[in-house]
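*Asks:* This is the structure, below, for whatever I ask next.
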Amino acid sequence: MPLNYQSGFGNACATEALPGALPQGRNSPQQCPYGLYAEQLSGTAFTAPRSENRRSWLYRIRPGVVHRPFEPYAGAPHWLADFGTGPVTPNQLRWSPLPLPATPTDFIDGVHTWGGNGGPDEQSGVGIHLYAANQSMKGRFFYNADAEMLLVPQLGRLRLATEMGLLDLEPLEIAVLPRGVRFRVELLDAEARGYLLENFGTALRPPELGPIGSNGLANARDFQTPVAWYEDVEGDFELIAKFTGGFWRAPLTHSPLDVVAWHGTHAPYKYDLRHFNTIGSISYDHPDPSIFTVLTSPSDTPGTANLDFAIFPPRILAMENTFRPPWFHRNIASEFMGLIQGVYDAKAEGFAPGGASLHNCMSGHGPDADTFEKASVADTSKAHYIRDTMAFMFETRRVIRPTRQALASAQLQGDYYQCWQDLKKHFNPEKA
């Protein structure tokens, strides 16, 4: 049965699973309805501007402080916080898809860190990961104190059971889990694989539209936030926390997903990438890829993001006398790309769904030789329909440091550079 959601981005939501569970006219009454506890979850400073402020009030069966002391957790062996301090290769890197696990593995233990920059101490930068799992989280829950988490499924459906309600997620949808929200990941199919980004910086939001106007790109109405849902379950559970890069576990005697009602702005949400209103040129030239931005995390430098999440969706190319694929590029920003389905229009082969590529600051990249030759002679008087595709990009202002396990991975394509070596010399000084 399909879940119900609240619609809109950044709304001050209010929802209750039992009638009258939300206090009226105040946040913390002397006694809450149904004998619940009031607890505030703050995602920004108390004094953050109203437009930036993220906080929610939760009305729950037990407050979040009810747990035994945390101890170090030895699991999540491939989820790393150390991106290294040594030299970073300027080479273009590409990986084949992460294999699905051969032994029982849930989401937390199935995360593999591929790179990142910054960290939670400075509240800036990103962690970039792949995940592969074949079982649901059983008897345990997780929260991330370090970062907001962006999930991009490539294979298999997920149910995110969170303190604030349920989110069902499938490939071509994304979800964002704010800092501190407790949850478990359930697999709705036998196997799951995808991408995970930790945003250590300012919370994600849709980009400003500027001269595009009041509509376009990811429209606010298409973001969906869960309605209140709870479980009142006692037993032996564990709560896993990610805190300053380390993993910790605390025993619980109850499920922490016991929020009966809540209101506020700090909440998980999902978005269907198929609703993205793609903007493009209807005259000439391929515009900058910033027009494909779904979500952005601003930095302290205006116009320069801590992170941009952009997609390259199905679209119609109508530009005339134009090289239509993405052009050759060297960028001050660093670009990590993934592919959810289909084929990326700048790479004829080698970039498979579930795979990834990394083009760091000023490392040249662009269409492969086959794509260039075909696009250079294509008939641009006719529109070209790109249908079977959904690529995405995590673009950051800082160099992305690939982890040792990513560089040592069997999925690293050592011959990636070869896709450009057949680009021919066409220069003829006698012919303009």
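Here the Cβ of each residue, glycine as well, is placed from N, Cα and C on the backbone.
Grabbed the feature section from Swiss-Prot, which reads as follows:
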- His286: active site, proton acceptor (ACT_SITE)
- His329, Glu335, His365: Fe cation binding site (BINDING)
- Tyr344, His365: homogentisate binding site (BINDING)
*Asks:* In sequence order, which residues at least six apart in the same chain have a CB under 8 Å from the CB of His329 (Fe cation binding site)?
*Replies:* Gly364, His365, Gly366
*Asks:* Give the sequence-ordered set of same-chain residues, not counting His329, Glu335, His365, with Cβ within 8 Å of the centre of the Cβ atoms defining the Fe cation site.
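*Replies:* Going along the sequence, the neighbours come out as Pro326, Arg330, Asn331, His359, Ser363, Gly364, Gly366.
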*Asks:* Give me the CA-CA distance between the residue listed as 'active site, proton acceptor' and Glu335 (Fe cation binding site), in Å, as a whole number.
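*Replies:* That separation, Cα to Cα, works out to 18 Å.
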*Asks:* Which one of these recorded positions has the most other Cβ atoms within 10 Å of its own Cβ: His286, Glu335, Tyr344, His365?
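*Replies:* Of the recorded positions His286, Glu335, Tyr344, His365, the most buried by Cβ count within 10 Å is Tyr344.
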*Asks:* Distance check, please: Cα of Tyr344 (homogentisate binding site) against Cα of Glu335 (Fe cation binding site), rounded to an integer number of angstrom.
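*Replies:* For Tyr344 (homogentisate binding site) versus Glu335 (Fe cation binding site), the Cα atoms are 15 Å apart.
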*Asks:* Based on DSSP, name the secondary structure state of Glu335 (Fe cation binding site): helix, strand or coil.
*Replies:* strand
*Asks:* According to DSSP, folded down to helix, strand and coil, what is Tyr344 (homogentisate binding site)?
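*Replies:* Reduced to three states, the DSSP call for Tyr344 (homogentisate binding site) is coil.
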